[in-house]
Amino acid sequence: MFTVREIAFITGGKAKNVDLDLMVKDFSIDSRLIKPDSAFFCIKGEKFDGADFAEEAISKGSVVAIAPFSSKIAPHLPVILVDDTVLAMARLAKEKLKRMKAKVIGVTGSVGKTSTKELIFTILSTHYKVFKSRKSFNNHIGLPLTILEAPFHTDYLILEYGTNHPGEIRYLTSIARPNYPIITKIGTAHIEFFGTKENIAFEKGTLFKEMDYSGHAFLNASTDFFDILKSMIPYTAGKTTFGLDAGDVKPEKYRLEEFSSSFFYKGKEFYFPLPGRGMLENVMGAIAIGEHLGIPLEDMQEVLKDFKGEKMRMEKKVLKDITIINDAYNSNPDSLTELLRTFKENGKRLIFVLGDMLELGERAEEEHRKIGRIFKELGHKILVTVGELSKFISEEAKKEGITEVYHFNGKEEVVSFLRDYLKPGDWLILKASRGLALEEIVNKLEEIL
């Protein structure tokens with residue numbers, strides 16, 4: 001892929017203790033995941049310094065470490081010293097993308113990024129060599145690392161473009177300008193750092209503004225600030241809108257079931273094994289891209305019916321006749337409201353375990369209280385909350401007349417409560433921001449039920 005000499009030149013670095021003609025075939029930021037003939041980026045975080053793991057990485061097969069001049073890396077190790085390791089990673093990723101023939105599909109939005117990415121990958125993989133970002137590798141480290149990990153002969157590279165501060169998407173597009181950008185929906189995620197939803201829309205819309213001018217943009221027709229986002233698409237680029245009730249790509253009819261959905265598109269019936277209106281909108285977005293890139297509808301039908309979501313995203317488990325829906329990867333007001341709308345009271349006991357929604361800033365209390373009101377409006381009856389902010393959900397739900405409301409400060413208390421409270425036939429539905437790691441409740445229940 002790159003020689004050590006090339007890496008030093010591209011990054012503006014200084015190589016020491018290393019053969020400049022050695023070939024580097026892989027890159028890593030985790031010393032536990034080292035492959036032979038790799039380069040190890042020494043990234044300094046809040047709790048660790050990658051330079052402390054450089055020797056381990058070299059011993060496992062890395063041929064060189066890439067570290068800041070300011071780092072305390074051991075003086076005998078093969079290293080390329082750079083001003084900024086993260087910037088060096090970005091420069092290498094940008095150069096690799098130039099050498100590849102891959103087209104970039106860029107995904108952003110306040111909700112549905114990862115699901116949409118997975119759906120696009122599933123559809124395009126039927127006909128092309130496709131590579132996608134792992135998990136939610138969508139920031140200034142994850143995006144360039146994804147590019148560096150991609151096989152050289154990839155046809156389509158699917159990247160998530162995440163942001164929680166103004167200007168971040170512009171930075172990411174400076175590394176990888178998308179040929180086929182898609183925006184799912186604008187919501188309140190990370191509003192603490194943006195102030196208003198309109199500011200979030202302008203930030204997300206940067207993906208359109210900075211796209212390849214000869215590319216093709218895809219936009220959810222039902223998103224807030226649709227007109228603003230559409231206006232940010234370059235006039236030279238193509239555009240396709242999608243949705244359930246509006247858009248260029250939409251079903252003739254659709255049906256949302258308890259844990260699946262089905263729809264007709266261009267006279268063909270599709271079955272999809274996950275529930276929710278928002279998820280089905282993501283499916284239509286993926287179909288729009290697949291159709292634009294020549295994937296036959298019959299092939300999409302086949303792979304969508306067997307689609308499996310990511311872990312902790314509407315992940316379904318059954319323990320002793322208790323159905324657990326683990327949607328605990330992340331939460332914000334929009335995705336949580338969507339979850340509450342997805343599951344309807346139908347005679348089974350639905351027990352919602354809801355944790356804090358983070359990064360809402362001054363709006364945190366009101367957004368949590370609003371969820372309590374929505375909980376009542378939708379006819380839900382049993383609410384368990386955990387965390388400092390989620391107490392506002394409980395307080396509001398009680399005000400609205402919900403009687404079965406239980407609030408706990410910690411996850412251990414929730415597990416103790418559920419152990420005695422759950423009955424066969426119950427549905428347990430969990431959602432919270434990533435910082436709460438609510439999946440630990442599921443793990444404990446698996447041990448004790």
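The backbone N, Cα and C atoms fix where each Cβ goes, and this holds for glycine too.
Unlike curated entries, TrEMBL annotations are predicted automatically.
The annotation domain 'Mur ligase N-terminal catalytic' is assigned in TrEMBL to 28-93. Residues annotated as domain 'Mur ligase central' in TrEMBL: 107-289. The annotation ATP binding site is assigned in TrEMBL to Gly109, Ser110, Val111, Gly112, Lys113, Thr114, Ser115. The domain 'Mur ligase C-terminal' annotation in TrEMBL covers 312-434.
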Summary of DSSP states over the domain 'Mur ligase N-terminal catalytic' (28-93), given as helix, strand and coil counts: 22 helix, 18 strand, 26 coil
Nonlocal neighbours by CB distance (under 8 Å) for Lys113 (ATP binding site), same chain, sequence gap 6 or more: Val107, Ser136, Asn138, Glu160, Gly162, Thr184
Cβ-centroid neighbours of ATP site Gly109, Ser110, Val111, Gly112, Lys113, Thr114, Ser115, 8 Å, sequence order: Val107, Thr116, Thr184, Lys185, Asn282, Ser335
Secondary structure content of the domain 'Mur ligase C-terminal' (312-434), with strand meaning DSSP E or B: 48 helix, 31 strand, 44 coil
Mean per-residue pLDDT computed across the domain 'Mur ligase N-terminal catalytic' (28-93): 94
